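Student: This is the structure I have questions about; it appears just below.
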Amino acid sequence: MDIYGLIGNPVEHSLSPPMHEAAYDARGIDARYVTFEPTKDTLETAINGANALDIAGINVTIPFKQDVLNHIIPDDIAREVGAVNTIKFHDGETPRGYNTDVAGVKRAFQHHNISIDGYDAVVVGAGGAGRAAAFALADAGAHVHIANRTVERAETIATDIGGQATAGGLDTRDEISDADILLNATSVGMDPDSNQTPVPQSYLHDGLVVLDAVYTPIETRLLREATAAGATTIDGAWMLLYQGVVAFEIWTEQDAPIQQMNAALRAELEDA
């Protein structure tokens with residue numbers, strides 16, 4: 001039996017185990033997906049222990065996505081983004097690290113047949129999710145503006161991306177009025193504060209594509225108001241699904257059973 005898992009703190013409410021175990025069942029893989037909660041002080045021990053115990057691969061979540069860079073060999077995307085969320089072990093060798101959050105953003109748009117190349121995109125939030133989203137959109141050809149309460153953090157991302165990326169504060173009326181894509185990469189609107197929204201409804205407009213990284217609730221206030229404004233909406237579960245899809249494909253070198261993974265994920269969200 002192969003063992004995969006998730007390292008983070010906390011991880012007790014993670015939706016990854018049912019999603020990945022549905023994939024193993026669908027592909028006839030004898031595997032389990034388990035969770036681990038190390039501390040920052042025991043992270044290196046946890047990574048080395050997983051490697052020594054022949055664990056096949058692990059996902060990494062908050063607060064360790066940056067810290068694990070010190071213990072693995074990152075691929076080019078993970079190195080550019082400065083964060084790892086997927087690790088693959090290789091027979092005791094130094095583990096390889098990947099950032100599938102970037103691919104998760106791209107494939108969420110692809111799933112909905114939405115082109116990114118040449119579009120103007122606004123990313124709200126300059127944390128880890130915002131950084132991955134901004135890099136994903138820029139890599140796919142979008143002109144990206146990062147908006148954040150602390151402008152310096154947004155400016156850092158824009159500088160790292162280079163090209164035409166720009167940055168500013170949270171007053172994004174002008175940027176969103178000209179934008180084709182809006183992506184919320186903050187936790188604003190997440191349960192139990194689902195009455196909140198990161199962007200005033202008056203900023204939203206027909207022709208805009210709005211992706212909210214928040215997936216509890218599935219339909220956030222931002223998405224409801226975007227629909228009312230005539231925008232196209234994508235819920236955050238699609239990002240979660242596709243980062244898991246890409247992780248599965250890295251680990252197993254098989255095509256992921258996307259339908260079964262999506263069904264398991266959304267069943268868990270309905271029960272949450």
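Yeah, the Cβs are placed from backbone N, Cα and C, and that goes for glycine too.
Sharing the record's features from Swiss-Prot:
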ACT_SITE  Lys65  active site, proton acceptor
BINDING   Ser14, Leu15, Ser16, Thr61, Asn85, Asp101, Tyr215  shikimate binding site
BINDING   Asp76, Gly125, Ala126, Gly127, Gly128, Ala129, Asn148, Arg149, Thr150, Val151, Glu152, Arg153, Ala213, Gly236  NADP(+) binding site
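So where do these features actually land, and what's packed around them?
Tutor: Counting only same-chain residues six or more apart in sequence, the Cβ atoms lying under 8 angstroms from the Cβ of Lys65 (active site, proton acceptor) belong to Ala83, Val84, Asn85, Gly128.
Counting only same-chain residues six or more apart in sequence, the Cβ atoms lying under 8 angstroms from the Cβ of Ser16 (shikimate binding site) belong to Leu6, Tyr33, Thr35, Asn59, Gly244. Ser16 (shikimate binding site) carries a helical DSSP state (H, G or I).
The secondary structure of Gly128 (NADP(+) binding site), as reduced to three states from DSSP, is helical. Gly128 (NADP(+) binding site): 20 other CB atoms within 10 A of its CB, across all protein chains.
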Student: Of all the binding-site residues given, namely Asp76, Ala126, Asn148, Thr150, which is spatially nearest to Ser14 (shikimate binding site) at the Cα level?
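Tutor: For Ser14 (shikimate binding site), the closest Cα among Asp76, Ala126, Asn148, Thr150 is found at Ala126.
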Student: Starting from the shikimate site formed by Ser14, Leu15, Ser16, Thr61, Asn85, Asp101, Tyr215, give every other residue of that chain whose CB sits within 8 Å of the mean position of their CB atoms, in sequence order.
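Tutor: My list of surrounding residues reads Leu6, Asn59, Leu240, Gln243, Gly244.
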Student: Long-range neighbours only, meaning 6 or more apart in sequence with Cβ under 8 Å: which ones does Thr61 (shikimate binding site) have?
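Tutor: When sequence neighbours closer than 6 are ignored, Thr61 (shikimate binding site) has Leu6, Ile7, Gly8, Val11, Ser14, Asn85 within Cβ distance under 8 Å.
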Student: Could you tally the C-beta atoms, other than its own, that fall within 10 angstroms of the C-beta of Ser14 (shikimate binding site)?
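Tutor: Result for Ser14 (shikimate binding site): 16 other Cβ atoms within 10 Å.
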Student: What is the separation, in Å, between the Cα atoms of Glu152 (NADP(+) binding site) and Asp101 (shikimate binding site)?
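Tutor: Pair distance, Cα basis, whole Å: 23 Å.
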